[in-house]
Amino acid sequence: MKKKCIAMLLAGGQGSRLRSLTTNIAKPAVPFGGKYRIIDFTLSNCTNSGIDTVGVLTQYQPLLLHSYIGIGSAWDLDRRNGGVTVLPPYSVSSGVKWYEGTANAVYQNINYIEQYNPDYVLVLSGDHIYKMDYQHMLDYHIAKQADVTISVIEVPWEEASRFGIMNTNEEMEIVEFAEKPAEPKSNLASMGIYIFNWPLLKQYLQIDNANPHSSHDFGKDVIPMLLREKKRLFAYPFEGYWKDVGTVKSLWEANMDLLDENNELDLFDRSWRIYSVNPNQPPQYISPEAEVSDSLVNEGCVVEGTVERSVLFQGVRIGKGAVVKESVIMPGAAVSEGAYVERAIVTPDSVIPPHSSVCPEDADDVVLVTAEWLKQSNEETARKDEA
C-alpha cells in the first residue's frame, strides 16, 4: 500500500564515547529519564507526527534493542500495514554485507522502502533527545518545493566546529555545507534529520554506492554531492529542546535538565506523550525516614535515604542513611546503607558498597560507575586499609 512518507531510523551506532554504557547495547537503547530508552523519543515523535511506517536500521549489539522494540506496541506502531520493522544487515547470495555508513544502511534497504512507494523518506537518528513534529517539517519541505530538507538548530558559535554546519541564504536555501569546519561561517548545525523526495534519494544512493571512494555517509558524501549537483536543499529551523547525548557528561546533563521546573522537554505534556515499554514494576516505596526533593523516582524503587535532584530508574534501592545528589541511578542499581553518591551515573544493576563515597575529583566532572569501576575502587580501598 502506498504511503506518502515513511521513516528510516538509524539505530546501529555504537556510541563509543559513552564508554561502558554501550559495551553490550547499542546507543539508542541506553536508559534515559527514569523510565525511557533514548530511542523512545524518536519513535514517539513518529507516532505523534502521524508517521505510521518506520524502518529501524540496527547493527551494533542489537539484541536488547530488537527485544525492546518488538512489534512496536508501546508506540502504537503494531500495524498490519506499515508499523515498525527492524532492519538488521542480512545475507544475500554474495554473503553478509554490513552497513558501511548511514547512506549505505538506507541503500541496502531500498526494497523495504519500495514496497510502500513513498513520495518522501524521512531519515532520522535514534540517539538524540528531543520532541519534534515531523509533519510540520514535511509541510515546510513541500511548501519550499525542496529536493531535500535538513533540520537545523542554532548552536553557540564556540561549539559550531563540532557539528555539520549549514550556510544558507535569506530563503533558508542551503548554499554551503561543511562537516566540522575549523572556521564556521554559520552556527546552524545539522540535527541529522532529513526529508528527501524518494525518487531523488534512490537515484543518489545508487550513485553513492557505486563510488568506491565514498564513505557512504549522508553528511560527508550524499549531501555535498547534492549541493554540487545544484539540487534544492533547504534548512528547517528547529527551536525546541535538542540534545546529542553522545558523551557521559552530556547524558548526565540531559537527565538533569529534566529536573528543571520549566524544562523544554516536559515529560508530563499530555499533548505529546513519550511512550515506552512498561517495566511492570510494583509501586515505589519511600520510607518515613527518607528525604526526597527535586527528583524523578520511578516504579519499583525503594528509598530509605536522602535523594536530592536525581533520577532513579525502576527497581532502584537507596539504603538507610545513604545520600544521593545530582545523580542518575539506572535500573536495578542500589546505593547501600550509609553510602554517598554525587554527580554520578550508576550503571544498571551496580551496587554501591555500604559507607563508601562516589564523587568526581573535578567538581565539573561526572563519575560513570560500572562493575569494573567498583572493582578498582574496592581494590584501592583494600590497599589503603592494609597500609
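Note: Cβ is positioned from N, Cα and C throughout, glycine not excepted.
Look at Swiss-Prot and you will find TYR99, GLY164, GLU179, LYS180, SER190 tagged as alpha-D-glucose 1-phosphate binding site. Counting only same-chain residues six or more apart in sequence, the Cβ atoms lying under 8 angstroms from the Cβ of TYR99 (alpha-D-glucose 1-phosphate binding site) belong to GLY12, LEU57, GLN59, PRO89, ALA105, GLN108. Secondary structure at TYR99 (alpha-D-glucose 1-phosphate binding site), as computed by DSSP, is coil.
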Helix, strand or coil at GLY164 (alpha-D-glucose 1-phosphate binding site) [DSSP, three-state]: strand
Intrachain C-beta neighbours of SER190 (alpha-D-glucose 1-phosphate binding site), sequence separation six or more, cut-off 8 angstroms: ILE150, SER151, VAL152, PHE163, GLY164, ILE165, MET166, PHE177, GLY219
Conformational class of SER190 (alpha-D-glucose 1-phosphate binding site) under the three-state DSSP mapping: strand
Longest CA-CA distance among TYR99, GLY164, GLU179, LYS180, SER190, per record bound to alpha-D-glucose 1-phosphate, angstrom: 23
Candidate with the highest Cβ count within 10 Å, taken from the binding-site residues GLY164, GLU179, LYS180: GLY164
